[in-house]
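Among the features that Swiss-Prot reports, region 'Peripentonal hexon-tethering domain' is placed at 1-92. The region 'Binding to hexon-linking protein' annotation in Swiss-Prot covers 124-238. As annotated by Swiss-Prot, phosphoserine applies to Ser212, Ser451, with the evidence given as sequence analysis. Look at Swiss-Prot and you will find 400-409, 539-548 tagged as compositional bias 'Basic and acidic residues'. Positions annotated as region 'Disordered' by Swiss-Prot: 400-473, 528-615. The compositional bias 'Low complexity' annotation in Swiss-Prot covers 419-430, 451-460, 557-570.
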Amino acid sequence: MDPGLKPSSSWTHKIVDSIIANRSQTAVQNFRRQPLANKLTALEDAIVQPRKDSTPDSIAAILQELVSMGALKPSEVGPMFSDLLIRVHKYNSTNVQSNLNVLLGDIRAAQSEAIRSTNVGELSNQVILNDFLSRLPPVVPMGQHNYEAFKQSLRLMVNEAPNVTLFKSGPDTMMQVNIRGVNTVNLNSAFSNLQNLWGVVLDSDRVPGSISSKLSSNTRVLLLFLAPFTNENTFTPDTFLWQIMQLYRETVAASIEAPLETEREVAETVRDMGGDIDDVGRTMAYLLKNKEEVMANPRTLSPRQLGVVRYVQESLMDRIDRNGEEPIDALRNIVFSFAPSYFEANGSFIRKLLSYLEVALRNSPNYFREIYSNKYWTPPPSFWTQNYGDFFVEREAEAEREALEEAGPRESYSFLEDPSSSPQSSKIQSLGTCGMTMLRPMSPSVPPTPSVRSAPPSVSYGGPSRSSLSVDSASNRNFGATLARAVLPSAAAAIGNAAGEALYPSLGQFLAPAASLAATRFLSGNRGERIKRQRQRRRAEIERRRIAELTPPSPAPSLSSESSAPSLSSVRTSYTPLAGAKYWNPVDDPEGDRDVSGTGLGNPFDYLRPRNGLK
């Protein structure tokens, strides 16, 4: 070793002394003659000291104790010590445990460093919010669903809003929101203020001032901040919290429901190219979801609204099917069945429901009957959007035929014996003499022109008119039938109940409905036969109408002095519409407007037609 080289430190001097003892020349020569592997092993042992492990000593002590007790033979100790040492070192040695502990420490240090390098604010918000929610009671006396939904809405706001900070101020948890200034809310105070309001149920669409006045300003600010993170299905319908959050959502709707810039740019581009943005939306919906229409978020009825719907259905079924009232009269008179206080509290929904039913009745009688006869019916999306295109698909002829079948025994069947006396056939004949075909009924209130002589419809030469007698007799029959249908089923039910109770207790509740049903069927009589005959007459009338359309009109007879006076049937009666009324001209407009009033004039519900202009 060069005497000029000196150890750079005491640690180096110590390592060299452990390899070459006393630094003698003999020791240096001996180390030099060693193989390279021995030199490397000596250096490794000197630089990296092996960890002390007491596992072999522990195993040897255990085996020695077993030999001294006579449980093991001395010849068995060697192989057993070897196997145990290998197994312990492989699976459960102190060396392995120490290495694992070191590895876990390194992982914890790396995780802590990664967390410290991320957003500390969001992490602290989660820690503080979890601590606050863990201190709240898990169960409340009433309104558990609203209680849990409110906590989830608060967590959603803390997770999603970037300008929210939570911090502790003594025993209270504070939430600071930076929106148009700094707003601080005390969460402990807000939850304490709401503890008695979670399950409050309202019986109207308005929030009583006696309840809303209990909200503190701190709580109102929290409700305003949480409103954008809720929807109509978050809380239980008809509860105070559901109603007040709906008001706050409407307050902030202008700022949170603004269309996105991308959607606005696409809409402007489509309009500039002359396209329809609605068609583009339906096309995109079909490409993305394989559906042509983009359905809005489903809206569910509250228990109070569902009760209104079921009550209206039962009332319509009782008025139309049992009492024999006309559907339009039943709809107009059903509002008198509600108590004034109840109608005042729920008037907006009742008026909306009745308006929907009236439009359905005028445009699709089949759909109207399905509405009031199906006890599981709930309003479709068109009820909320006021786009009534879902029941405009029924054709007018089908609607008229089904409406005629639905009327059944309530109408006069005097014209079934003579089809020429029916009002519809007389209108078609009068229109055929004028030289044009018009399938829509004319208005009975339109008078003939004074220049043309025509006889009154109720006057007939040689005796009273058959139509006048049929009208009088039909009105009397309808009145008697209506009175019988209104009284006899109830009386039969009462008699059946009394007879059943007299025979056996609690038997009356089964006999009463059966007696009422039997009386109703007895009063209906041969309604099926009458409807069948009416269908046949209707079919024959349609065939005659088609034949009349294919047959060219006969020329009008020339009037001369030698000819006799023309008969009333040969006189061409012309009709003029009332002043200011919109009249349908089949020449200018072959399709015409949908006549739902039966007057031949304009459609009074034209403003309810969808924007795409369904016929």
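The backbone N, Cα and C atoms fix where each Cβ goes, glycine too.
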Helix, strand and coil residues within the compositional bias 'Basic and acidic residues' (539-548) as assigned by DSSP: 10 helix, 0 strand, 0 coil
Confidence summary for the region 'Peripentonal hexon-tethering domain' (1-92), mean pLDDT rounded: 82
Counts of helix, strand and coil residues, the region 'Peripentonal hexon-tethering domain' (1-92), according to DSSP: 67 helix, 0 strand, 25 coil
For the region 'Binding to hexon-linking protein' (124-238), residues assigned helix / strand / coil by DSSP: 52 helix, 19 strand, 44 coil
Residues satisfying Cβ distance under 8 Å from Ser212 (phosphoserine), sequence separation of at least 6: Ile244
